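Okay, so here's the structure we're looking at.
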């Protein structure tokens, strides 16, 4: 009998980030608490969509895990141990289930790499069959397990990586027979229909290819009936494309129901308008309502509670056009937010430091609302440390945008948790980890994502939003030769590259602007003697992550798994190629090969800053003028991993530490109708229990049936 030896598992020693804000929540009024309760309920209803986006088996895993632990983690453990599971096997089961729940499926949200159970298949099935609710839902449990067990345990392509079928992968946004070329055809169809503008968007869709070669564009909404002339069969480039509404309608019915309750507890009429437009968007699936919601959201300045939801970030889709659902509800930290407000007030001064002229910036900088938040709910596959929204460039240009940081979602750092750094550097990073991250996130979100102008020609009037006759491209010395058409977006133009490119640009902006004193005067006033240490810690953390990020590179397929990681790696390569700024010291540690990353303290503010300046200038200009071909080749060269870095990658893999899992707590209504903040044990069992109690039904029949229906087409 072969011994089971899985490669990619979640370690039972995986640390936990406890995202807790009980003290801040207790300071809210009863009305504010009620709003948070109902909006969070809507967010978590939408979380179910994320599982349908992550992998074919992920929705079924959620259904199965809820049944397994429906009687509580303590009861399930007692039964599992009595059935023969050892303590180690129980720990392996729980950390796998906790990871599936925290990531909305069996692919990591950071890196998009698949993980499998560490305990053998027969032991997993034993845990299923001995659970309290197994007999009641035996047929469902057995059907699920029979259909997904091979997918759950497979570490072979196409089930081990996210990608198109013709590229050796699979993506739950698409049926398993869809190729990269198929997806591009469908997206080309959407962008080339004038009547679809602000109505039909790839963001909230999945795509099915039928056996006859026709396609179905499935729009997430409650409404199935065709009350628009676009809900019909179309023909494009000789292929039939049918637009279908009402995909996963049961989820959006729950979202709408909770939003209708939340609307009674809003703070003002603008928030009511936001909620109304969310509701219309989720009923119809039409983009115009979501855009209207985001316009009003941007204009809702300085609310005590920040909230947003929808399909916005496209990191997960191999084409870079379809978004993952997310929902957020958080409490504004007014004291910390005041620092960011002051930074916003000085943003235009910081813009003057950029190496490009004002023609490559918006005519008017729309000052955003920049807040520090205590996260109550983030319903998706993982909470960001900060965000800059909306992603619609025309809304950002006309109405502005918002930035926020999620301070209680930041993992605690100690000198023992830092890898590939000498002891003195570990101590410095531990001392200034919060300040370095605050500085980076603030500049990354505000002026990284918040800077720049896209050069556009209107498809109808043929007019340009820049001086085409006289403006010179500083990279070529010639007139501007490339730009965007008004029916293109930055995301559609730069395709899958856009996410890594933009995250790299935002981090590079942060590193470049950290050279100047204004951010420190605002964020760290009175600590002048520490400013250089903070800057050095911030730069080092980016460089260090560039090396550590090699673990997210697949040397078999020459593909990367995470946009932020690519950005850090590319920045590291820029500095590695600069004269004496970054070097690597190969050594041994604990009997294994190891390396230390060194950032030259004497050179990072001189040669290092000059290298970053030159790199940022080209990065920015290519985005502004929409020169995708040049950007792809140039940026792609930095993304390459040669033999030297492959060696470092293997060392990093051999010394890989487990990545954290997030624990979010729940809001519940007590018998008196008041909202309580229910906290859970800071453990893998606590994560599982929080999810089990988050959804009322032990067995989600609607989700099970939707998954079964999908399975006919989605999985090979």
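Quick reminder: no glycine exception, Cβ is built from N, Cα and C everywhere.
A TrEMBL annotation is a machine prediction, not a hand-curated record.
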Residue among 481, 488, 503, 518 sharing the Zn(2+) site, where TrEMBL lists 444, 449 as binders: 503
Other C-beta atoms that fall within 10 angstroms of the C-beta of residue 449 (Zn(2+) binding site): 22
Other residues, Cβ within 8 Å of 444, 449, 503 Cβ centroid (Zn(2+) site): 388, 445, 448, 502, 505, 506, 507, 509, 510
Neighbour tally for residue 444 (Zn(2+) binding site), based on other Cβ positions within 10 Å of its Cβ: 28
Per-residue Cβ crowding (10 Å cut-off), top of recorded positions 445, 503: 445
